[in-house]
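Novice: My questions all concern the structure below.
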Amino acid sequence: MSLSFLLRVAGLFFLQFNSAQAKSQVHEQWHVSSIPNVPAGYTGSLHSGYLNLTDKLEGDLFFTLYGSENEVHQNRTIIWLNGGPGCSSEDGSMLELGPLRLTNDSLVYYNAASWVRLGNVLFVDQPMGTGFSFADTRDAILNDNEKMSNDFAYFLQEFVKAFPEYATDTWYIAGESFAGQYIPAIAKKVIDSDIVNLSGIAIGNGWIEPASHYLTYLDYLVERGLLERGSALFEALTAVQAKCLMSLEQSASGMLEDENSCDKYLFDILFSVSDKSGEFCFNMYDVTLTSPYPSCGMEWPLELPALTDFLSSPDVMKALHVASDKVSRWEECSSLVSNFYADTNVFRTRFTIAELLEEIPVMLFYGENDFLCNYVSGEFLISNLEWSGKRGFENASNADWYPRYSEANTLEYGQYAAAAGIIHSERNLTYATIRNSSHMVPYDHPYEMLALVSAFFDNDFSQILMLPDPVTIVPNHSFLSIFLWVMAGILAFSAIGAICYYSYRHIRSRYDSYTPIQEESA
């Protein structure tokens, strides 16, 4: 073993040790010392603000960084992105997987299922003009996957300069919805530019390939019992679907030539698949819920008004270092960003995912109640995806998986936790579903999502494939009561043991003097 090898190993260990030690470092420019209404006693590490990128980007991206609350995972950093395009990642921070969650009554509470149990979590409002991010010019808002990923790559380069203790971390990117476009493009750029050590991506209910969604909407509705195959309504919607699919096929350049035909198809579904057409519709993000037409879920989740008021509060904006001269209030989704986000390269995303699968693990997970980006479209996408020299999964069987973190649900379901969904993993690609969950899985089932993503980060799904051990449900007695019951049990067990031992000795002494009867020979 050479001296140079030993020195390299020692240097790497020293770098990792210093990195872990530096994670407790406070960066005053971005450090958040307190936030209004945060639970007393909360001591988590929080930094937020901007990296002063205006000279390069003609605008700036807003970030929120929560430090890991698990010493084992201090050198793992997870980027979370919400979709839209143009929807703020503060949704993910305060309604899904951040350590501080907001209720419908504007109460902030500690989220015990936060991903800070698995590493540092970095939420970024992007592209520019989204959430607390801002754009100084109209051109800065004009976006497509290429410009968006370039802007984000520059942000990430500057981030690890400002926070060098994170530069050598193991990084992951996760998100949902239109982040199915963001994440593959960003991941490819990060890997090609070697900005950080990107070790995997996870996309929830992702908008990845438009054709996969439009082609499977009716199949999903039939599978969920909302539409009858062969009915007059099914046939009518199939005719509208055909026009939408034709416009996609004719779009050789990757741009929708007749986008209205696909919009009409979606609107016709929402209008007509209802017991009271034109009055109520199913929630497109959770088909088990109903909404007034034409909202159809746009007002969901219910906490949105409270979140808007909370984040728009001058005290909160000041605490988070928001540029109040650029952003007057927080907006969940920007219609301006959405309208100016071009469809260029949207149709190439599945090919990008195929390329990424040759280098890093990818997980596609789906809340089963989501219509807009549903699991049937995910299955169709995978079955037509080519990677590692093969098309789709070779093995057609799926396995149930179980939430290892879901203590509350374990008790609810009795001795064993119920299966949370199905999972399948081959050749670096994992497909998983989460039952009774919406478009925003961590919002509905934070513990189940924590278990699933933990297994993905650890690259060890065996921890969620085995049925959990039986759970003993202890009545809610006082400590003294429990102590007395335990002591009584110990005394009873000791008494029974003593009796058994005495009986055994007594019987043994009676039979010790007897000589066994010898068998007579034949």
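Each Cβ is built from the backbone N, Cα and C atoms, and glycine gets one as well.
Features from Swiss-Prot:
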SIGNAL    1-22  signal peptide
TOPO_DOM  23-478  topological domain 'Lumenal'
CARBOHYD  N52  N-linked glycosylation site
CARBOHYD  N75  N-linked glycosylation site
CARBOHYD  N104  N-linked glycosylation site
ACT_SITE  S177  active site
CARBOHYD  N197  N-linked glycosylation site
ACT_SITE  D370  active site
CARBOHYD  N395  N-linked glycosylation site
CARBOHYD  N428  N-linked glycosylation site
CARBOHYD  N436  N-linked glycosylation site
ACT_SITE  H439  active site
TRANSMEM  479-499  transmembrane segment
TOPO_DOM  500-522  topological domain 'Cytoplasmic'
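Buried or exposed, and what's around them? Tell me for each listed feature.
Specialist: A 10 Å cutoff on Cβ-Cβ distances gives N52 (N-linked glycosylation site) a total of 11 other Cβ atoms nearby, all chains included.
Reduced to three states, the DSSP call for N75 (N-linked glycosylation site) is coil.
Note on N104 (N-linked glycosylation site): other Cβ atoms within 10 Å of its Cβ, all shown chains, come to 12.
Packing around S177 (active site) is summarised by its Cβ count: 25 other Cβ atoms lie within 10 angstroms of its Cβ, all protein chains included.
DSSP assigns N197 (N-linked glycosylation site) to a strand segment in the three-state reduction. Its own atom aside, the Cβ of N197 (N-linked glycosylation site) has 14 Cβ atoms within 10 angstroms in the protein chains shown.
A coil conformation is recorded for D370 (active site) in the three-state DSSP classification, outside any helix or strand. Counting only same-chain residues six or more apart in sequence, the Cβ atoms lying under 8 angstroms from the Cβ of D370 (active site) belong to N205, M284, Y285, D286, V287, S437, S438, H439.
Reduced to three states, the DSSP call for N395 (N-linked glycosylation site) is coil. Annotation for N395 (N-linked glycosylation site): same-chain Cβ neighbours under 8 Å, separated by at least 6 residues, are H424, E426.
Taking Cβ-Cβ distances under 8 Å and a sequence gap of 6 or more within the same chain, the neighbours of N428 (N-linked glycosylation site) are L357, E358, I360, P361, V362, W387, S388.
Cβ environment of N436 (N-linked glycosylation site): T288, E368, N369, D444, H445 lie under 8 Å away, each six or more residues apart in the same chain. N436 (N-linked glycosylation site) falls outside any helix or strand according to DSSP and counts as coil.
Around H439 (active site), a 10 Å sphere centred on its CB holds 26 further CB atoms from the protein chains shown.
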Novice: Spatially speaking, which of the glycosylation sites N52, N75, N197 is closest to S177 (active site)? Use C-alpha to C-alpha, please.
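Specialist: Closest by Cα: N197.
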Novice: Can you figure out which of N52, N75, N104 (the glycosylation sites) comes closest in space to N197 (N-linked glycosylation site), comparing Cα atoms?
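Specialist: Among N52, N75, N104, N75.
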Novice: Could you state the CA-to-CA distance between N75 (N-linked glycosylation site) and N104 (N-linked glycosylation site) to the nearest Å?
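Specialist: If we compare the Cα positions of N75 (N-linked glycosylation site) and N104 (N-linked glycosylation site), the gap is 34 Å.
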Novice: On the 0 to 100 pLDDT scale, where does the topological domain 'Lumenal' (23-478) sit on average?
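Specialist: Mean pLDDT across the topological domain 'Lumenal' (23-478) comes out at 91.
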